[in-house]
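Here TrEMBL flags 31-61, 65-138 as domain 'FAD dependent oxidoreductase'.
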Ligand SMILES: Cc1cc2nc3c(=O)[nH]c(=O)nc-3n(C[C@H](O)[C@H](O)[C@H](O)COP(=O)(O)OP(=O)(O)OC[C@H]3O[C@@H](n4cnc5c(N)ncnc54)[C@H](O)[C@@H]3O)c2cc1C
């Protein structure tokens with residue numbers, strides 16, 4: 001495998017990443033997932049495996065490329081002999097709660113039809129899988145044993 005090809009490892013290993021169409025017309029869907037990071041992808045996968053119709057809306061931070069270029073220039077200043085070739089840039093918001101647990105579920109200001117998955121600190125890879133299963137249960141109108149633990153309601157305790 002040519003790890004210096006300029007493509008991310010997974011694209012080299014599994015083939016080029018898919019491209020996704022732009023949203024150019026109205027769509028109807030049972031569930032709309034906003035954000036196509038690991039959380040959005042896992043939630044969409046979990047729901048669609050269980051027969052739900054899901055649309056994922058992803059809008060990358062318009063300033064990611066500009067910020068990545070700025071970082072690359074700073075590294076070049078520090079290490080002028082380094083040949084920097086940006087292949088992919090990504091930005092993440094790091095939000096953390098006082099008790100260190102994320103939030104999964106509805107917020108009273110937005111009603112039961114809007115579900116949140118957020119505030120992982122540095123542990124979103126682990127938590128997002130729990131969240132995907134938990135949110136599916138809530139969307140399907142069932143209880144989940146961890147729902148109270150990750151609920152916004154715990155702030156009131
Ligand atoms: C350096 C680093 C190391 C880490 N190490 C670990 C680790 O070891 N273990 C671990 O569990 N976690 C780790 N994490 C945390 C983990 O990577 C994140 O918690 C996780 O990737 C968050 O995933 P997410 O899908 O919730 O958010 P994101 O990956 O941020 O995805 C959100 C998506 O929503 C999109 N979006 C934003 N606004 C809109 C909008 N208005 N409309 C549509 N789309 C929108 C964004 O473009 C983005 O693609 C690490 C993070 C960093 C930065």
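Using the three backbone atoms N, Cα and C, a Cβ is placed for every residue, glycine included.
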Summarise the domain 'FAD dependent oxidoreductase' (65-138) as counts of helix, strand and coil residues per DSSP. 29 helix, 13 strand, 32 coil
Using DSSP, tally how many residues of the domain 'FAD dependent oxidoreductase' (31-61) sit in helix, strand and coil. 12 helix, 8 strand, 11 coil
